[in-house]
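K.L.:
The structure follows.
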Amino acid sequence: MQKRVRNRLITIIICFCSAALGISIILYNLEKNIVFFLPPSKINEIEEGKELRVGGLVKIDSINKIAADKISFVITDNIKDLDILYQGVLPALFREGQGIIAIGQLLDRKFIARQLLAKHDENYRPPS
């Protein structure tokens, strides 16, 4: 093999290995952010006290107002339910049967949310 062809082949192999290593490092570091939220049925796999996002539908007749700015409710993915406790201002789209994402921690098998995000479908129309 000529020296020029051999050097080109070595350069291509080094570039390919560098790109593969870079992509591996990026995917490893983004592992927890690839999935935006977990459904309630996957929560038992998570250790308590770890910050995470859970999502599902607010179960009908589960909203319980504790104080002026504190509520508890249940979200479901039709497989498992999860109790959520939230203190703060509710999103405008928050209601029973609505999809939500809660950001917070799991403590004593109850999810303590510090932020709620209300989801809507592609046919969103603001409340009139």
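Just so it is clear, glycine is given a Cβ too, placed from its N, Cα and C backbone atoms.
From Swiss-Prot, here are the annotated features:
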- HIS120, TYR124: heme binding site (BINDING)
- 1-8: topological domain 'Cytoplasmic' (TOPO_DOM)
- 30-128: topological domain 'Periplasmic' (TOPO_DOM)
- 9-29: transmembrane segment (TRANSMEM)
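Give me the local environment of each listed feature.
P.N.:
HIS120 (heme binding site) falls outside any helix or strand according to DSSP and counts as coil.
Per-residue confidence over the topological domain 'Cytoplasmic' (1-8) averages out at a pLDDT of 87.
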